[in-house]
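J.: Features from TrEMBL:
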- 1-26: region 'Disordered' (REGION)
- 40-86: region 'Disordered' (REGION)
- 68-86: compositional bias 'Polar residues' (COMPBIAS)
- 106-348: domain 'ABC transporter' (DOMAIN)
- 453-474: transmembrane segment (TRANSMEM)
- 486-507: transmembrane segment (TRANSMEM)
- 528-554: transmembrane segment (TRANSMEM)
- 560-584: transmembrane segment (TRANSMEM)
- 591-614: transmembrane segment (TRANSMEM)
- 681-701: transmembrane segment (TRANSMEM)
Amino acid sequence: MEEIQSQSDNYRSSSSSASSPASRVPSSNFFYLRKPGSIRQPISFEDSPEWEDTDIDGRVEEGGDSINAANTPISPSLSKLNSGSLPSPPLAEGGAVVRKTAGASVVWKELAVTIKGKRKYSDKVVKSSNGYALPGTMTVIMGPAKSGKSTLLRAIAGRLHPSAKMYGEVFINGAKTRLLYGSYGFVDRETTLIGSLTVREYLYYSALLQLPGFFCQKKSVVEEAIQAMSLGDYANKLIGGHCYMKGLATGERRRVSIARELVMRPRILFIDEPLYHLDSVSALLMMVTLKKLASTGCTLIFTIYQSSTEVFGLFDRICLLSNGNTLFFGETLACLQHFSNAGFPCPIMQSPSDHFLRAINTDFDRIIAMCKNWQDDNGDFSSVNMDTAVAIRTLEATYKSSADAAAVETMILRLTEREGPLLKSKGKASNATRIAVLTWRSLLIMSREWKYYWLRLILYMLLTLCIGTVFSGLGHSLSSVVKRVAAIFVFVSFTSLLSIAGVPSLLKEIKIYASEESNQHSGALVFLFGQLLSSIPFLFLIAISSSLVFYFLIGLRDGFSLLMYFVLNFFMCLFVNEGLLLAVTSLWQNVFWSILTLVTIHVVMMLSAGYLRIRSELPRPVWKYPLSYIAFHTYSIQGILENEYLGTNFAVGQVRTISGFQAIHSAYDISQSSNSKWENLLVLFIMAVGYRILVFVLLHFRVRKNVSLHRIFQCRKSTT
């Protein structure tokens, strides 16, 4: 305690010239200060929701599911900001009226989270945290990096990975219950958006994926979300832009990701780092927009690393964390007095959040060690001469014995002693609807993503044209058989290899799926069927265009049925290859490793396809069994050759003729059965189904595991 007292006195003396509690005079330029004499008061109970006194009109409005909250009392803390604070921006003339939302109180009591190590749950990320959030208010969880902010947010929302273990209790409207689908929204720090859609289109497709009911009802929900997040000027703008127009800035993209959750009209909204990668202007606009959203009655809980003075003045309550410990919970204005009582008053010209983080961020100790022998124009670095470890212990000890901590416990007791209205789960869109929406959305994306789809079609045409011109004019003599076999091998192998160019687009689809699946907007089976149905027209377009060019340049046999089989065979080859690409991309979820793996697989399949050496002559271990039987090239080439040569004859000299099977037997192994080409087509179909089943397994486990591991990695950083 003597060490703590000496450190506090040292810091107080070093900063007394800049600020002291007695000399801090409220100014209109510093609107985060309370009126004189009120700063020392503990948290009041004015905004404690008394369920029996809360007159909520439970009538559901026509065409929607929101509760008319005209008589719902709004938290007085919203009006406690001084007149110098930034007001919520008024609605534009003629704009849509924002619908009121019946929020919900959230309480967490003695909440602790541990992350499972190699042997046991050893890494404690959050340590015995208490707090609450009320309807119509913004509660912020603040702290330096690696302090456990995101972990606490996920624990309250019930979104921890199974390997993380939570202790303590979470109450929703006074009842110990988990949050149900549709009653809350969760916005991750990084959300994958679809750049080829406009803001309105993206939100509309999100509404179709999330909400049941008719399409016309969802348009009004989308317009409300656009107005709520101040996106009216960007509604018809492409999120990612295009070749001659820039897309949305980072701030607008962040608001779009929040608007995606608002289409569900959630009672509670969790946001992880809403100001992530935003400049000061975008950050202020974001927080003013969220303040306007909170004024509709929604309960907002979010994490934040740092904020400007203007942004800080918009918060209602703050939960200050450092290394998993709660150093303060209460009204943001009372936090200033808490630091002053602990001996760390905020300098008059410094932002409160900067001051808080400076005091509790242990990374500053490195700066102290580096600068301890330096001096500036004013002598010692008085602003960085505080030991943060001592400051953290001082603040924690001061808070535990303060009236603020007792007030929080009393408030939690009042909020949990009586159960309020239970939050009900909202219905989901049916799987059939979701599949149809994903299919149509993917087709729209394909029509606009020229780099990944139309450019690939052009490359296929150019490659086919090159192969066709190289092997053109072969004729139909016996000597042309070997060359035509080579042409078919090159065509099948090289076009399959070229399909690797589609890895970036598939990876983007998987990231979009992972983002939507984390919020239960989609599922592995829904995504798989949607991707399957949307890819069929594109693959068929490639198959028929490339087949027609190759078929007539090479001079294969005339006959409509023969041509249609060739097209169908090549389509199945592309279909199988697309499944292989999707499986490898789902496995790695990385462009470099996916391309490297696919190139290796295709080269090995080309070597074992039976052209460079006949399959019957391949070394039996590995190359013949099993590689030649799992290479889809083998069945595609075999079927095309059987379609071309079975039933044909070639003249040998003046008298003798040989069958097509005998002519090709020395160049490639094929079957004499007339049904063999259809059997090869069936094998290709089975392989396509098999790859899709593998993709389903990978999506269900691997993608979900990777998303969860990313969250756990963020949690583990809290303890390092």
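Glycine is no exception: its Cβ is also placed from the backbone N, Cα and C atoms.
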J.: Among 453-474, 528-554, 591-614, 681-701, point out the range having the most Cβ pairs under 8 angstroms from the transmembrane segment (560-584).
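T.: By Cβ pairs under 8 Å, 681-701 leads among 453-474, 528-554, 591-614, 681-701.
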J.: Who are the long-range neighbours of the transmembrane segment (453-474) in its own chain, taking Cβ under 8 Å and residues 6 or more past its ends?
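T.: Beyond its ends, the transmembrane segment (453-474) has Cβ neighbours at 446-447, 480, 483-484, 486-487, 490-491, 494-495, 498-499, 501-502, 505, 538, 541-542, 545-546, 549-550, 553-555.
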J.: Which residues, given as numbers and ranges, are at least 6 beyond the ends of the transmembrane segment (591-614) yet have a Cβ under 8 Å from it?
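T.: That would be 485-486, 489, 493, 496-497, 500, 503-504, 507, 580-581, 584-585, 623-624, 627-628, 630-634, 637-638, 666-669.
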J.: Six or more residues out from either end of the transmembrane segment (528-554), which same-chain residues have a Cβ under 8 Å from its Cβ atoms?
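T.: Apart from its flanks, the transmembrane segment (528-554) reaches 434-435, 437-443, 446, 453, 456-457, 460-461, 463-465, 467-469, 471-472, 474, 484, 487-488, 491, 495, 509, 563, 566-567, 570-571, 574-575, 578, 582, 692, 695-696, 699.
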J.: Looking only at the domain 'ABC transporter' (106-348), what is the model's average confidence as pLDDT?
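T.: Mean per-residue confidence for the domain 'ABC transporter' (106-348): 89 out of 100.
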